[in-house]
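What TrEMBL lists as ATP binding site is Asp180, Glu181, Val182, Gly183, Leu184, Gly185, Lys186, Thr187. Annotation source TrEMBL lists domain 'Helicase ATP-binding' at 167-337. The domain 'Helicase C-terminal' annotation in TrEMBL covers 470-624. Feature annotation from TrEMBL assigns motif 'DEAH box' to 283-286.
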Amino acid sequence: MSTDTQFAIGQRWLSNTETELGLGAIIRIDFRSIEVLYPATEESRIYTKAEAPLTRLTFAAGDTVKSQEGWSLCVETVSEQQGVLIYQGIREDTKEAATLAEPHLDHHIRLNQPEKRLFNYQFDHPKWFDIRYNAFANQHKHAQSSTIGMVGARIELIPHQLHIASEVGSRYAPRVLLADEVGLGKTIEAALIIHQQILTGRASRVLIVVPDTLLHQWLVEMLRRVNLAFAIYDESRCVALEDESDNPFDNDQLILCGLNWLTSHPKRQQQIQQASWDLLVVDEAHHLAWAADEPSVEYQTIESLAQATPGVLLLTATPDQLGHESHFARLRLLDPARFYDYNTFLNEESQYTALADAVSPLIDGDALNQEDIARLNQLAPEIMAQFDDLSSPESRDALLHQLIDCHGTGRLLFRNRRAAIEGFPSRHLHAYPLPQPELYQIDTITSLSEALFPERQPDVQDLWIDADPRVEWLLNLLPEIKPAKVLLICAHAGTAQQLAETIRVRTGIRQAVFHEGMSIVERDKAAHYFADPDEGAQILLCSEIGSEGRNFQFAHHLVLFDLPLTPDLLEQRIGRLDRIGQTEDIQIHVPVIEESAQSVLLKWYHEGLNAFEQTCPTGGKVFESVEESLIMNCLTPFDTDLQAELISQSQQLNSELKARLDAGRDKLLELNAAGVGRVDSLLEEIIALDSAADLPKFAGRLFDAIGVQQEEKGQDCFILRPTESMIGHLPGLDPEGMTVTYRRRTATTLENVHFLTWDHPLVHHAIEMVLTDIYGKSSVGFVADSSQPKGAYYLETLFILSAKAPPALQLERFLPPTPIRICLDAKGQSSDLATSAHRKIGRKIAQQLIQALTPQLQQHLHSAREQAHQEANHVLSEAMQRMQGTLGAEIQRLTDLQKQNPAIRDSEIAFLQTQMTALTKVLRDSDVQLDAVRVLVNNP
Ligand SMILES: Nc1ncnc2c1ncn2[C@@H]1O[C@H](COP(=O)(O)OP(=O)(O)OP(=O)(O)O)[C@@H](O)[C@H]1O
């Protein structure tokens, strides 16, 4: 674009870089910039005048142009008024003289350059035609794949995660609670869902709210796993951005911020509320405490965001951590209309248990007897009415899935338990009973905190470190297991700091601390230092905050310097090591002073709940029942009879609850979450894509063509580097070069290697770069085919059937831009040109050839266009059928389900109906355009 271009309001321009926007109109001009509105896609862009990547669309006498009202004009003369063109001519429909001003041109018009280029002798190398065709063909194939957003994630393929991700990620505005047990990959599931929602256009503005301590970890996981670059917002960033816009949150599409920061800044809460979001994600959602008369500030902040945002994902491993009422309240955040009253919810929950009992033969794959059928008829009559014959395993399976779908919170809550997932290493408890020091006068203790943490009492704070036998024990343990890394967790920051200082002074062993008194940057630094395998700290000493959300599975030794009072917290602590990715058995070391409150807890957890060596999903419930007795025991740790009573009561309760859980409602939930039997085909598709050679082959040629150098590096890796002959700027390509791999295994082991897949932005950008440019629009070449006479020629054409729609319609599911390739021989007959070896023809000869063949080529182009239209009609009617079939079936399914399960919102059904109407119109308005032509002449 030259700087002296005269822009005027109303002029029509096409984007050279984003052709999918349709025809734009200039709506604002100022000293340096212009604003262009693209009505077909309802988007606008602001460009600097001097660098606007735009081409003006103008017509000349003889052209036919379409108006916004749909009539066409055959142009006779063109004049200009205030910079805007006025076309005069004859209307095709009424045959009357008419005028069409440039601002009223149809927004769907696109520049149809290939013929113009061909007959004006603008040719490229013939290979470009194939590159264009393959780029379209591959893009077309991937756009319809059910693997979008998942195939490109740098993760191991774990079925329960993929199931949740595909189930939730493909919904419109999903509102769900991801509640897998600790360390099973909720963050990964959320990443996959967000990635899918973004790549398919369902969401573009995403807000993630997490405890401040987890900001950096989330930032890294989003970037490393799914290539999404979130921006962390804190106070200083907001202050800096205030000069640029009224609302700082309008500056980025993908934002990550801390819950604690947000709740302590009312102004930011207001601003974040006013910025609109498509998807809200809240991690460690158990912090959102709620009681009917006293919701917490955290709860209220998230509640108002959740009300204003269509999609909401809440993540927590311990949904009941703050009590069942708070669990209800989180479901209420997701669907306030459905979860309006706690007692009604409790009532419904008891029904799910009955339903789960009734379906247990189905879960085990058994046939149903008359009694089972009668029970199900009573509990789910409408579903049972759809199944006349339940004799085949397939019909029973279909019934089971329908019951799961209808099950109260089944669509809303996903919970996977470790017990159902294989491959976790074992956990071993090492208990170390130590003698009582005189300093702690345990007989005179009166409060629980004094009993649990005698070292924190004011009068011993300077003395305990020399007197407490756990300290000496720790100082001995570290050299003994050296160089093994140790994560130590204790309840208080002060304890961690004093211990760290003692280790430093007395042993010189490398240590780091991690507690709430440190800034986020300091904490990340400490975690990093601990993670460094060679130069890092041997031990990281964390206060309780270290036990939440963090990934420390590279360590295998955990020291619990004290024990927390609740089983959920204990599980959170062990979960730092016991996570996906842990490669060795986990050694849990617990030093306790004999006859202390801590020794009671040790016994209770180990003998009462077996919570060290296995996860104890029922621990929270047992705690609720025995809390009083447990506290009493902690205060009187020498009363062995009382202890025996507590342990036996807890054991009994625990086994009862476990039995109920195994048979009960959670089993149904679990089955739903793991997607038993439903994820296999997706998994197979991803595995097939992983091992297919299409992408490496295609990308290799594409990178070659656009001027990216590829150098083999070994271990299935390549280095990509820009060269001086690059045809343009490729976003995402590191100017210094970058290492990539097409292999999942390599990508998951080598962190700094990019994982190239059909989802990767570099592949998308490279394809876009070619398709939005003119390369290959017209080309001429030689083929060598000795079975044909010398001089025989062929016209190859590439047409694209496409339609324009706002991203939210996700048109690409049904009609992605579809390439139609037609090749005609010299007689105008369809030909499938067998050879793909082309040679370039010198410019001069090419020009002479085209000059000589112009009349025939024009005729052949005409017939190719007719053929393309016929084929397009075919494709279109299939797309229409597919769209109506898919959306129609989904509407029907939700309508049927809604009768049983009010968790299905009216808005979900209404949304699908509106989509169907809008898509029908968009498909009808679709259009076939010539994208590229190639003339090949036989010269054997
Ligand atoms: N599919 C996977 N491939 C590779 N690594 C994974 C996969 N799933 C999970 N992980 C790793 O396992 C660990 C646990 O996953 P994640 O943090 O998502 O679990 P979580 O359920 O959110 O844990 P928490 O309950 O502690 O918050 C992380 O280090 C994560 O990177």
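The backbone N, Cα and C atoms fix where each Cβ goes, and this holds for glycine too.
Listed binding-site residues: Asp180, Glu181; maximum Cβ neighbour count within 10 Å falls on Asp180. Within 8 A of the CB centroid of the ATP site residues Asp180, Glu181, Val182, Gly183, Leu184, Gly185, Lys186, Thr187, the other residues of that chain are Ala317, Asn416, Gly575, Arg579, Ile580. In the motif 'DEAH box' (283-286), the DSSP tally of helix, strand and coil residues is 2 helix, 0 strand, 2 coil. Less than 8 angstroms from the CB of Gly183 (ATP binding site) sit Ala317, Gln553, Gly575, Arg576, Asp578, Arg579, Ile580, each of them six or more residues away in the same chain. Thr187 (ATP binding site) has a Cβ environment of 22 other Cβ atoms inside 10 Å. Of all Cβ atoms in the shown protein chains, 23 besides its own fall within 10 Å of the Cβ of Gly185 (ATP binding site). Model confidence over the motif 'DEAH box' (283-286) is summarised by a mean pLDDT of 88. Within the same chain, the residues at least 6 positions away from Leu184 (ATP binding site) whose Cβ sits under 8 Å from its Cβ are His160, Gln161, Ala317, Asn416, Arg418, Ile421, Ile580, listed in sequence order. Lys186 (ATP binding site) counts 26 other C-beta atoms within 10 Å of its own C-beta, drawing on all protein chains shown.
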